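Residues or ranges marked as transmembrane segment by TrEMBL: A:12-45, A:51-72, A:84-108, A:114-132, A:157-174, A:208-233, A:245-267, A:287-310.
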Amino acid sequence: MIQTMDRKNMLYGLIFVALLCIPFVTDSRTLLIMFTQIFLFGIFAMSYDILLGYTGIVSFGHAMFFGIGAYSTGILMKQIDSTIPVLLLAIVLAAVLSGLVSYLLGILSLRLKSHFYAMLTLAFSGLFLVLAEKWRSVTYGNDGFTFSIPDPLRDRMTLYFIALITMALVFLLLNRFTNSPLGKVLQAIRENEPRVESLGYNVLHYKVIASVVAGVFASVAGSLYVLTLRFVNTSVLAVEVSLDALLMTIIGGVGTLVGAIIGAGLIEFAHHWLTGLAKVHWIFERWLIFFGILYILVVMFFPQGIVGTFRNWREKRSVRNKKVIEEKKNISG
Amino acid sequence: MEVLVNLAVNGLATGMLIFLLAAGLTLIFGLMDVVNFGHGALFAWGAYAGIWTYVTTGSFVVGILAAIITGLLLGLVLEKYIIQPVYGNHIQQILITLGVLIVLSEMLKVVWGPNQLSARTPSYLAGSWEFGDIIIIKYRLFIIAVGFIVFFLIRYILKNTKIGLIVRAGVINKEMVQALGINIKKVFMYVFMVGAAMAALGGILLGPYSGVIYAEMGMEFGILAFIVVVIGGMGNIKGSLFAAILVGVCGSFMAYYVPALSLAVNMLLMVIVLVFRPQGLFGAKG
């Protein structure tokens, strides 16, 4: 077991180093931008996985926290000054605000059944969308606004490294979180909520913690996202953003952080690729159909996602191998 | 005074449209315990298929029939191939029906193009009656009438017929009904088809009411229908009717008096209801 853990960590380390090298190997702008997007959506998907994969909560309002991060960063950059300290302040502010909102939302609605909670999160993020559309003096409504970013960050490569390193840090942090005793309680809630409750745990309390953690990290992803675009409008709050997070988590594999990153990579890559194919055949303009079909098939046949399915397959294989070894021993002994 | 009456009639008409959508949703939830987030797409499909037939044949009645048939067929396919494998698992239902919503909404654009379609009111329902300053648009009255007819029809079927008895029994105890030799799976399928057909009917009725139909309306009205079902109490037809009218009337008054809030009023209503009465206004405690 320890050996596999070591091998796994080494593999992750190798991938990280490889990703660090990419900007030195290629100078393709589109590739760099795509990878940067993958990293920050990886953060977003990991934060969503804390809810869906580790605690078993379906939320349709995750875009709300993404949007809080996006708007806080954009507004502070535009209204105050585009310097590094202001940027850091914006990210911290967004995280605190997201934490507060997710805390309040959690306290109010996490005691409800799953479908009610899903609806309520949809409603709340809808309210934020309306707020962003109506508060034109600050948000410029639907049109959004552009803003400048601190000079040292103007380079695409710098942003690439920042996104990659942030993703790695978030991964380590959340990995620590999910492996802690608290994280284990969350997984127990996912598996069997009534039993956890009867063991004396305050389920609501733990669910609220999961929702706050997810909200805070989603806002970090939002902050990074607008930093790469230098533009923010109401699309960061759209339902589609929440659905994207859902899709990434499901396809990659619920309940695994790596799965969330892989899912984010696949979706972003497929998005680029399929929209490029639109020139080949008009049906690819409707690439959402393929996503939808894929999504249904995954939920039906691979509810564990890519990583989960792979893991099951490997476990089965190792069990079989062990049996073979034991049988051999028996024969020789 | 005139304004009040006009607003109330408008709100009632919108409410009835939402009711048609919400009634199917709540019927499906009440009996089958299935959360169908794809319900709005059935509404949009009803609208497109119905309006297209209406424009091609020139007959609104044929259009309505086409919408209902589309709803029944889609309902049949969905229940058989998508919903059946995920009975009993709410989270999977939410996820899979969401996929259905995405696919069906995009398919609309493949079949009828990405642009919105316009829909005209048939001549015999166009125009309005005027009583002094009160203007009653005929088509709105027609929608209200259809809504009430459907409501009383469902109530009659549920309360006074054998199939209604089976459905109600199924809500209370599936296993017992199955043990009595009734194929509850078949009953589930019919209920899902009827729910889908009601959504499709709502869709085509919306066409002439709003003038245009577009693929995204599935999502938009689906959310609205869910809000109504949640406010009314999941699985309760009477609650759905009451909540749909409440949402419709509140929406129309807000749009007139406080336009800034009109987009948020439904969400606010739901939040308030859920916080104080999580089971909905008419829902049983549970």
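Cβ coordinates are placed from backbone N, Cα and C, and glycine is handled just like the others.
Keep in mind that this is a model prediction, so the values were computed, not measured.
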Chain residues outside the transmembrane segment (A:51-72) and at least six past its termini with a C-beta under 8 angstroms from it: 44, 90-91, 93-95, 97-98, 101-102, 105, 110, 114-115, 117-125, 128-129, 132, 139, 178, 183, 186-187, 189-191, 193, 206-207, 210-211, 214-216, 218-226, 232, 236-243, 245-246, 249-250, 253-256, 259-260
Candidates A:114-132, A:157-174, A:208-233, A:245-267, A:287-310; stretch with most C-beta pairs under 8 Å toward the transmembrane segment (A:12-45): A:157-174
Which of A:114-132, A:208-233, A:287-310 contacts the transmembrane segment (A:157-174) most, counting Cβ pairs under 8 Å: A:208-233
Tertiary contacts of the transmembrane segment (A:84-108), as residues 6+ beyond its ends and Cβ separation under 8 Å: 61, 64-65, 68-69, 72-73, 75-77, 120-121, 124, 149-150, 152-153, 204, 207-208, 211-212, 214-216, 218-220, 222-223, 227
